Amino acid sequence: MDKFNPKKEKTVKKRALKVLTEISPTPLFSMLFLLHISQIATYLSLSDKETLNITVKTKQGGTDTCAGRYVYMHNLPSRFNEDLIKSCEAYIELRNKCKYLINSGFGPRILEEDHNHTTRVLTIETGSWYYTNQFMLEVIFREKMRHYECLTNDSSLSSVVFVPFYAGFDVRRFWGYNVKLRDELGEDLAQWLRERPEWRKMYGRDHFFVTGRVGRDFRRVTDQDSDWGNKLMRLPEFENITMLSIETNSRSNEFAVPYPTYFHPKSRTEVKRWQRQVTMMQRRYLFSFVGANRPKMEESIRGEIIRQCLASQGRCKFLDCDTSSKDCSDPVKVVEVFQDSVFCLQPPGDTPTRRSTFDSILAGCIPVFFSVDSVYNQYKWYFPKDRTKYSVYIAEEGVKKGKVSIEKLLANVSEEKISRMRNEVEKIIPKIIYTKPGEVGPEKIEDAFEIAVARVLERVSLFKMTRI
C-alpha cells in the first residue's frame, strides 16, 4: 500500500484556493467547498486500494439538502436536563419559573380575555403569543432541535453535536450554596462527554450547548463560596465547546443569541401579518422607558433617564417596573408601550443586555442604546453591522453628567431617517424570534434558532479546515 503523501494533498488544496479566488463565492460556500476539496485531496493521496468511506444520501432522487447541515443531539441522562425541571418546585430559586415551562418553554398562552384590549395590541387569534420567561431559552432550544429538519441519530453523518444540558437551571438552583454543589453537575457532564465516541472526533470543538443565562454565571474565577456562579466554562472540556447564551463575555467560544420574546409564530405569513400591523401603528410618544431605577448601582444612568422622561411633558412614556402593579410582567402592557413609541430607551440594567431590547424591536420601536455592550458587541449574527441603520447610540457619560438632553437629541432625528430606521427594525423581527417547532417548506422562517445553528455549522467547518 502506498503511503499518505502530504505534498500531493497540499498541491490539491492550493489549486482549490486559486479556484475560490477566481469565482468570489459567499463565505459559507467557501468553507463548504474547501472542506470538500480537502476530502478529495486526502483521497488522491491514498493508494487505489485505500478509499474513504463517504456516504452520500439522496432525497427523492435528488441531492441531500441536509449535506453539511446534519446535527446530532446527545441523549443525555435525565439528570442533566429533565430532572432539573421535574424537581423545579423543590428549589426555592426556581419556584417562580416553574409555571413558564409549559408549551415547550414558551409558557402559558396569552388569551383574549386576559385584557379588554388584547386584540388591539396583539394578533391574539393566531394563538402565538405567550407569557414567555426570559430565562427559558435552553428548554425552547432543545424542543426546536427535536424538530430540526437535519437532525440525525447517526453521529457519523453529523457536522456538529448539540448538548441539551440545562446549564441555567443547574446554576440557578444552587444560588448562594457552596462551590462544590454548584460545580458538581457540570464536572459530571464533562466526564460523561469525554467518554463518548463523538468526543474523540474533535475533542469538543464540534460540540455546542445553549443557556438562558448570561455568560458570567459560568465563569467563576475563584473557589470561594462568596464568588459568583459556577466554573462550567473554565473546565478544560468546556473551553473547547461553543456556548450560546443571552449575553456573552466576548470569549472566543461564546456567542450571544436573542432573549426569547412573547411572540412565537408558526409561519412566514403570520410574521408578515405582524410586520404590517407594526408598520401601521400610530405612535403617540417620541420615546419611552420600561424599567426600574437602580439607586444602589452608582454607575447606573437609569435615574437620570427616568428624570428626563418624566420632565418631557408627555413626549415620553415611563412604565415603572419598581412597583407592586406587576405591569412589566404583563406582555400586553409592555408591548403596548413599545407600539406607542417611536424610540425605546435601553440602558444597561444588572448586566449590559436586556430582554426589553428584543420586545421593543418586535413592536417596531427604534432602540436607543447607551452602551456598546448592550447589542453591538453581542448579537453580531442578528443585527446589521452599521448600527446607525436601526438604532441610536448615546454615550452613557454625557447622560450621567446631565450634558445630554435625550428628548432634544431624538426630536432632531428627521422623519425621513425615522422611516428608514423603522423599516430596518421591521426587517430584523423574523431574525430575533423563536418560532413554533416543526414548520418546513416555503412557510418556514429563518428565525433566531435557525440562524444560530447555521453559524455554529460555519464555525465548526472553519475548525475542520484548520485541522487538515
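The backbone N, Cα and C atoms fix where each Cβ goes, and this holds for glycine too.
According to Swiss-Prot, the feature transmembrane segment maps to residues 19-35, out of the candidate ranges 19-35, 121-137, 359-375.
Rounded to a whole value, the Cα-Cα separation of Asn412 (N-linked glycosylation site) and Asn153 (N-linked glycosylation site) is 57 Å. Asn240 (N-linked glycosylation site): 17 other CB atoms within 10 A of its CB, across all protein chains. You'll find the Cα of Asn240 (N-linked glycosylation site) roughly 23 Å from the Cα of Asn153 (N-linked glycosylation site). In the three-state DSSP scheme, Asn412 (N-linked glycosylation site) falls into the coil class. Every protein chain shown contributes to the tally, and the Cβ of Asn412 (N-linked glycosylation site) ends up with 9 other Cβ atoms within 10 Å.
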